Amino acid sequence: FGRMKPVIVVHGGAGRIFKEREEGSRAGVVRAALRGYGILKQGGSALDAVEEAVRSMEDDPHFNAGCGSVLNEKGEVEMDAIIMDGKNLDSGAVSAVKCIANPIKLARLVMEKTKHMLLTDHGAHLFAQAMGIPETPGEKLITERSRERWKKNLEPDSNPEEFQKDLGTVGAVAIDSEGNVACATSTGGLSNKLIGRVGDTACIGSGGYADNGSGATSTTGHGESIMKVVLARLILYHMEQGMSPEMAADTALDYMKTRVGGLGGVIVVNSSGEWAARFSTKQMSWATVKGDQLYYGIYAGERHTKTVDEALRYESEGF
């Protein structure tokens, strides 16, 4: 009695998802949601579930996180990630990390093995070594598509801003059977960004926030805009004022758009297990599992439903 029905919500990034990548993006978020839910269903923690869901998307070259990350001006992958525990507000993050397959794992270790919350660049690299995390050659994380885009953006008449609309940060939020919430977010950042640029993802309250008292959220979109309005925390503030997850998300996204002209997307779960996936961009790939039902979509107003069993069968046969 009194046990929560666990819920997981994931996103694969807000922006413009090109036609030929839709299928892969859908399959990727569904797979991540099912993996995270598998952990929750066995009584696992929200923290483990969001880490696993994000790790699954980092390993998927369709998304701008881990393998498949976009390249900075020098043609290198620099990644940011954050994880947060709603029980005690503990958080761990890394920024500008290179040559690591799963930045979200490193963020979790920062949270659990240090007294700090955010390690960057070289320091994060040393910490990863100390923790025995294997180094992945940078080239291994670079996809043909990321390199093509980087080259295109170097052309004198190119407009990197155009391409930055296809952002693809990944994230997950969950509530477990104990009623604990957690969030996790991971990204390769903006295409052709300056070396050392860190966006919203690694910043607590912007890229994500989790508090058992109200809920958890993970964001995606234009990082600098998200940071200006501290989007993740703003959404939880609205929920603390009594708004539903959907209304809180829409209100905050609307404010970001009118105040600073920024577009983005968010996933939210509140402390009673209600969820939302909302975006002001053209698209955002997302998936949710609640009560053995899977919901997913990419376009505004699109919402497919399957039972978890159907979806798992599907997965083994391919979408």
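Here the Cβ of each residue, glycine as well, is placed from N, Cα and C on the backbone.
Automated prediction, rather than curation, is the source of TrEMBL annotations.
Values in this document were obtained by computation on a predicted structure and should not be read as measured data.
All protein chains shown were included, and the count of other CB atoms within 10 Å of the CB of T169 (active site, nucleophile) stands at 33. Residues or ranges marked as active site, nucleophile by TrEMBL: T169.
There are 29 other CB atoms within 10 A of the CB of G223 (substrate binding site), with all protein chains counted. What TrEMBL lists as substrate binding site is R197, V198, G199, D200, T220, G221, H222, G223.
When the binding-site residues R197, H222 are compared by the number of other C-beta atoms lying within 10 angstroms of their own C-beta, R197 comes out lowest.
A simple way to gauge crowding: the CB of G221 (substrate binding site) has 27 other CB atoms within 10 angstroms, across all the protein chains here. Annotation for the binding-site residues V198, D200, T220: lowest Cβ count within 10 Å of the residue's own Cβ, V198. Close to G199 (substrate binding site) in the fold, though at least 6 residues off in sequence, lie D80, T187, G189, L190, G207, G223, E224, I226, M227, each with a CB less than 8 Å from its CB.
Across the residues annotated as binding substrate (R197, V198, G199, D200, T220, G221, H222, G223), the two Cα atoms farthest apart lie 16 Å from each other.
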